[in-house]
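K.L.:
As annotated in TrEMBL:
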SIGNAL    1-28  signal peptide
DOMAIN    33-418  domain 'Sulfatase N-terminal'
TRANSMEM  192-209  transmembrane segment
TRANSMEM  221-243  transmembrane segment
């Protein structure tokens, strides 16, 4: 009898196991998972443990990699914040949406600028919203706010598919911290100060000459000079003199809650909001996009993390961000959502090599890869971490060495939500689910185009039959000083003009053999040189035929500060408030 009962139990157990293996995974895939997206700001690919860093502690991001899939060739669509994030949100190269600049302003400069992500662009948040998801964005936006008035919110997250927004509509800057040197348009401000001083000196000279009788001039002319000089000073100092009030603000939905923001509690507020969003929407499905303010300068770090890393303030800031990742993952566990949540971690582009304070490095480390933030073609500016986790659906501890893009997140999450991609526009991203699950062995990308602003700097070709990955550079920045690997003293490398070198024929690298891009190939050293260059050239021609003219959102007009567009929690220009109090405990 005992043996008979044991046989029946064993058969039942095996049947149940077989049922789960056959149908359980399918059921998990058929249901709509919660989607949690982490995006760091300016984090280098070499800054976290699972990508080879053994001195900065990132146990929570590393845990995601152990429990999921890690991509080794994850590529940003642009090497700077605003265009990269536009591509991430829309699945399209930023040049298609007008978020690529042809001037030196390659990212949005003001909350009160008129440029931003156009209303006719469809974000993944909008598509998931249509599939019944509750959508939230916590943290950095940097895609614009208003178009024509201070409250039209045409570029605001709530106008792009997010049900809830809490964070910075702009980005962190040194200007946001009292004791830091200004960061916004430093060279232009210096010129404006010089011009203002020249005008002031001229007025004083004319006044002294008139009083002493050395200069024969009417008082009306002196008054006119004084008026013009005063208006000139007010015209620029009213913006650049108050950057902390105009740009460094926090918003909840459409309401400004801190102006200026208090950095000492910002991390706690962001964490509290993320955890609260998960708790409120635990019955799902939800999309939560946690867009970190870390690790952008000024690297404000709370006291409990200061001095704790082996890499100064930058390392402290990375470790604080990792701690925040862990707390948010803990909230998933607490609500029993871990196995029903598709989680992703990445950076918007590479580390900022030129960010320095004397001998202290304030930017990230891009590992073996050349270049960094702002450099359109070099790997260090565009190769970023890419980690996915979905227990029970994605295999754990998997490493994929295939070319992928931040733009791929768009079709991937739309697929998981059961949505349909827009049919009226080009979507450059590709659905990663087959690759992540091991059902596909090759990336769907054959070519990836690497822009610096609106200028095409390089192209990557994945030769799938051989597995070779080639990259041709048409334009590269001129490093300063020569051979330094970055544009020190300039803040960031330019995309055009005298600060770049044009290459004809292009510089060609075999990334599979030379990922550091240290040994350019030639027709003498590479038998396939001419074939590869021709193939990439034809791909560029085909790509350009898919581009259509669109309004440039980062034009000089759109970039300038417009007081009538300024978000303000009072009556402009009296914009200051603190509606948060000290309620920051999670």
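Cβ coordinates are placed from backbone N, Cα and C, and glycine is handled just like the others.
For the listed features, I'd like the structural context: burial, neighbours, distances.
P.N.:
If you look at the transmembrane segment (192-209), the same-chain residues 6 or more away from its ends with a CB under 8 A from one of its CBs are 215, 217, 221-222, 225-226, 228-229, 232-233, 236-237, 240.
Only residues 6 or more beyond the boundaries of the transmembrane segment (221-243), in the same chain, are considered here, and those with a CB under 8 A from a CB of the stretch are 110, 173, 175, 182, 184-185, 189, 192, 195-196, 199-200, 202-203, 206-207, 210, 561, 563, 573.
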K.L.:
As a test of reading the model: what is the averaged pLDDT for the domain 'Sulfatase N-terminal' (33-418)?
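P.N.:
Computed over the domain 'Sulfatase N-terminal' (33-418), the mean pLDDT is 96 on the 0 to 100 scale.
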